[in-house]
Every structure is written in structure tokens, then in C-alpha cells.
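This report concerns only the one structure given below.
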Amino acid sequence: MDRLSSTTILPDTFQGTRDDFSMQMALIWGQIKAPLIVPLLRLAVIVCLIMSLMLFIERVYMGIVIMLVKLFGRKPERRYKWEPMKDDVELGNSAYPMVLVQIPMYNEREVYQLSIGAACGLSWPSDRIIIQVLDDSTDPTIKDLVELECQRWASKGINIKYEIRDNRNGYKAGALKEGMKRSYVKHCDYVVIFDADFQPEPDFLWRTIPFLVHNPELALVQARWKFVNADECLMTRMQEMSLDYHFTVEQEVGSSTYAFFGFNGTAGVWRIAALNEAGGWKDRTTVEDMDLAVRASLKGWKFLYLGSLKVKNELPSTLKAYRYQQHRWSCGPANLFRKMVMEIITNKKVSSWKKVHVIYSFFVVRKLVAHIVTFIFYCVVLPATVLVPEVEVPKWGAVYIPSIITILNAVGTPRSLHLLVFWILFENVMSLHRTKATFIGLLEAGRVNEWIVTEKLGDALKARAGTKGPRKPRFRFGERLHLLELCVGAYLFFCGCYDVVFGKNHYFIYLFAQAIAFFIMGFGYVGTIVPNS
């Protein structure tokens, strides 16, 4: 009988313990909410609204500039002198400048033939061009394959050099710097850089070099990227939307107004004299391309973006590769800003307006604020206002401004407008990684110089695309769980449930949708669902 009594009392004891714990938590929450949580959350809302306004004004400004550029037809050929290169009977081929083409690569088994073949196929006088393959591969098999490919093209009369080094110091910047030390480079006037997955058209040099020849103030001509696997999966479509905006708007605005923008690290032609004057390649950050561009700009050099010239390349098609790439692209600029902000401020060669553009527009708004406000405001602060109804976010800050920013971002890829909701959710999840990487760069924390080469599929991608039969959605989980994304997803889901039960039902649809997106990415999901075009 006593044993029976103890078993009936036990559940009641647990229930009482749970009730006591709930009451204690409610009591603690009530005590800290008014004096601590509410003021802090109000402050966070104000800071986030200020950052949203900064981003909004920048986006609207760039939108207006693009409209004016299109309206008045300010094409590069009208802003800068351009004439086709002409033969000279007396000088012969020596009338053409000497061009160096650099192809840095690292264990690029799938794409080395594509990139080397495309570079060797560039149309230019054969005695006025040098193809330089900078192979940092650690896999001896791949090294042998790359060397054999270079020998194959050399046997066809192509002036191609296969260069290796005994270490990977400085990663890509170190390889490019080492390549520039070769004795034959001192005879070159211009250097073209193509990453291992880039495939330029044969007329690339005929369309870019004349700008540099006829405009001595120009240091760089940058081409646009064209993505060969944009339709590979939903993730690549999302990337295409973001990068199309970058090229269609950000690069065009920088080129049209201040003749400055960030070099994209590939598909560009540098004047070697400008590169050397700026101090050459430096490996102090993971964005050696942006570093060089800022330093060259501070020396007074101008840049030109050619949106009409497109170079084929490949987008990361796995979530793991994309995460590593975005870490590098977010951490590097923040770290470079930390290292160069005083150098920019004290520079005497450029105007104050250009300094403001580089510091405020280029670095602060686009490289810092854009990442931070996207995650902190839309994934942390806004959901928190559901739990603390005393703090309200004005409708213009919660709805109107983000809607306008989103629409302005989407204009670069009209064919993907129907994927806008997916893009918003995807970008918000990625903003977690970008924000984390941004703070790592600003604080120079542990992973600040992490460099993991983006995986490329090349021929394997073509084989997959050529597979016959209808493609069915496939679901595959990643190598490991991503705890941070799962935690944020759980937080958003809890806020959504709270909004449904106790709140004003303002944001629960958004909160649930965003929570699902975080859960999907947190489980390392990789989808190859091909969206309808």
C-alpha cells in the first residue's frame, strides 16, 4: 500500500517542481523586463533603424544613378577613348602591348583544362602574349596533369609557362606576387587574371586592352561574370540574384561616379605600372583583390567596369563551399577596413568626396552595415519585440524599408522575381555567417586569415547537366549539424508560437518561414531542386 502511495505522489511532485520553476522564471522575467530588457531592446531598435536607413539611402542612391546612366547612355566608350587596335606595317606585332595572363590554381582537377584552354584560345598576336599557370596544387597527380596540359599547349606554339613554388604562403596573393617576379614579366605592359573556373571569350583582350592603351589614367578594366550553372539548383539561383545586383548596380555605379570599385579578383586587366605603384600583391587579408584596388585608388588611378563584357564561370553548388566562400568575402573586407581606414583618411592624393565614398559607401554601408543589420534586426531584434510588446517597431522600419530594399536588389535578375521570398529567407540565414565573419574580421579573431579554396565541378557539372531524363528533387543532409543556425531557428520558432498565442499576430508567418529556413540550413541540407525558369 505504501509503495502504491509513493508512485501516485511522485508525478504530483514533478508537476509541482515544474510549476515552481515556471513561476520562478516568470518572476525573474518580470523583475528584469521593465528596468533592463525594455530599454536595451528600444536602444537596439533605434540602432537597427538607423542602419536600415543608411542601407536604404545607399540603395536608392545607387538606383537613381543607374537610371541616369541608362537614361543618358553613359557607355564606357563615351566616357573613355576607345579605338580598335590597328596593325602597323613598320612596327609589326611590336605595335601591340605585351600581355601576361595569370591563372592561379590549387588542386583544380575538374576545371584546369577549361581555364587553360580558354586562356590559350585568347585572340592576340602570339609573340605578344604569355600564359602563366601558377600551380599551388598539393596533389602530385593533379600537378602532373596540369603540367602535361601546359606542355600540350606549348607544343602547339603557345607561349605558356608552368610555375610552381615550394609553399603556399599568402595563398592566391602569394602565388600572383611570385609570378610577377619572373624575368619575362618585366617586358609585359598589362596583366590579366582569371581564376581556374573562368573561361573568357577569344575577343576578351581586343575589347579591354584598347581602353588601357588610350587612357593612361586607367589602372583596371573589370569584366562581368556570367554563371554557367545558375540553374543548377535553388541555391545557385539565389546566388545569381545577389551577384547580378552587385555587377549590374554596385560595380556600374562605382565605375560611373568615382571611377572606383572593388576588383573582383578575376576577369580583369591591370596596368602593371599601376599595380607596382600601388605596392603589388599583399597577403595581409583574404581579399587581396580589394586590398590592391583600394591602394591603387589612393594613388589616383581610375577603374573601368565593362558590364557588356561577360566571362563564364561557376557558382558554388554545395552549401559547404558557399559557406566558406561567404566567410572569406565577409571577413576579408572588414579586416581590410580595420587595417586601411586611417590610411584612407590621411591620404592626400584623392578628393574628400572619394574618401567619403570609399569609407562610408563602399566599406561601412555595403561591407559592414548590410550584413549586420540583416541578421541583428530581422532575425534577432524584430522577433524579440514579439516577446516584449512594450517595444514597437514602426511599420516603415519593419515593412516598407525592407520591402523597397528587396525590390531594388531584385532588379538585377528579373527572371527570378518569382523566387524573391526564397531569396529573402536564404539571405537572412546567410547573414548569420556574414555577420559572424564581419566581426571576426573587425576583431582579427581566430579565423581571420582562413582561406579554403571554393570547390569547383567543371566537367563533372557538364556531365550532370547532360544526363537525360527528368530531374527529381533530391534531399541530402550535410556532413554535420550547424548548431548556431538550429539555435536561431528554435528562437524564431518560439517567437512565432508566442506571437500566435499571446501576441498581436504581426509577424508569425515570417517567423515560422524564417525558422524553417534556419532549420534546413542548420541540418546541412543541400537541395538540387531546379526551379522553374
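Cβ atoms are placed via backbone N, Cα and C, with glycine included.
The domain 'Glycosyltransferase 2-like' feature in TrEMBL is assigned to 190-385.
Annotation source TrEMBL lists transmembrane segment at 43-69 (among others).
Under the heading transmembrane segment, TrEMBL lists 368-388 (among others).
Look at TrEMBL and you will find 400-426 (among others) tagged as transmembrane segment.
Feature annotation from TrEMBL assigns transmembrane segment to 481-501 (among others). Within its own chain, the transmembrane segment (481-501) is flanked in space by residues 379-380, 383-384, 386-387, 429, 432, 436, 507-508, 511-512, 514-519, 521-524, which lie at least six positions past its ends and keep a Cβ under 8 Å from the stretch.
Annotated transmembrane segment per TrEMBL: 507-530 (among others), in sequence order.
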Across the domain 'Glycosyltransferase 2-like' (190-385), average pLDDT on the 0 to 100 scale: 94
Long-range neighbours of the transmembrane segment (43-69), counting only residues six or more past its ends (CB under 8 A): 248-250, 252-253, 256-257, 361, 364-366, 369-370, 372-373, 376-377, 381, 384-385, 391, 393-394, 397, 401-402, 404-405, 408-409, 411
